[in-house]
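Colleague: Questions regarding the structure given below will be posed in turn.
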Amino acid sequence: MRILQMADIIRYRTMTTEELRSTFLLEELFRVGALDLIYVDLDRTVIGSAVPAREKLVLPTADPLKAAYFTERRELGILNIGAPGVVTVNGSRFALGNLDALYVGRGNEHVSFESEDAVTPAEFYLLSYPAHAVYPTSVIRSATQERVKLGTPESANQREITKLVYLDGVQSCQLVMGFTQLASGSVWNTMPAHTHMRRSEVYLYFNLPAQERVVHLMGPAHETRHLMIANKQVVISPGWSIHAGVGTANYTFCWGMGGENQVYDDMDKLATAELW
Ligand SMILES: O=C[C@H](O)[C@@H](O)CC(=O)C(=O)O
Ligand SMILES: [Zn+2]
């Protein structure tokens, strides 16, 4: 498991493109046949992917956790962005189709991943935070979840938000998770922008054609920068940073948060004219 140390708002101001990319962007996930984990010191987030091909992949504990097993003191959110697969938690098998999710509570010793078909594998995205209590492991079928509609075609930001793990739904200690699908022809997400100092956020961009990019905007209102992001890459957004983007084509992204509270609407909104 790679350890990634986040930059603070002071170091951020003088970072080169290369430094910004190696600090805020994860380009190594979703390798076929592999389970990859990155530990970020910010909110002690673990971000990962499991793409099982022929072999079943087992969620390992990792030395930096100093834990007997991965969820000994952690909770885990899983979103399948690929073909159908199965996640097994302590002997219980959960079949997850595309955009189905699973919340795994603290204290589950054995977690493993399989694809239904090795040729078109399941692609499990993993997001984990420390947990102080046990909440039940629960499957979340995206198709049955309530969707929040945001934006308008005129402002090219018409989109649908599906909440997966949140206060009024499947409960957790600190994880809040869902995904946003852009309507055809709309390209902007989370614009107008916001910050929330109380929580850090992680964005996984997917369903983006290989040659297309999302121009992701970050930074405090008066010091914005951008990252050029390709399909299945992840961007980390500290509490002081806006997180918004515009795509050169249609895309979906999974957002996840950890930190002080779980109130989805607790956002410090910024007017677009306030951005420099
Ligand atoms: O704090 C909340 C997160 O930034 C996302 O839920 C926002 C989002 O998906 C969107 O507006 O498109
Ligand atoms: Zn946010």
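Using the three backbone atoms N, Cα and C, a Cβ is placed for every residue, glycine included.
These figures come from a predicted structure and were not determined experimentally.
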Colleague: H194, H196, E201 bind Zn(2+) according to TrEMBL; which of H222, H226, H243 goes with them?
Modeller: H243
Colleague: Sort out the sequence-distant neighbours of H196 (Zn(2+) binding site) for me: same chain, 6+ apart, CB within less than 8 Å of its CB, listed by position.
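Modeller: For H196 (Zn(2+) binding site), the qualifying residues are G239, M257, G259, D266, M267, D268.
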Colleague: Quick one: among the binding-site residues H194, H243, which has the most Cβ atoms sitting within 10 Å of its own Cβ?
Modeller: H243
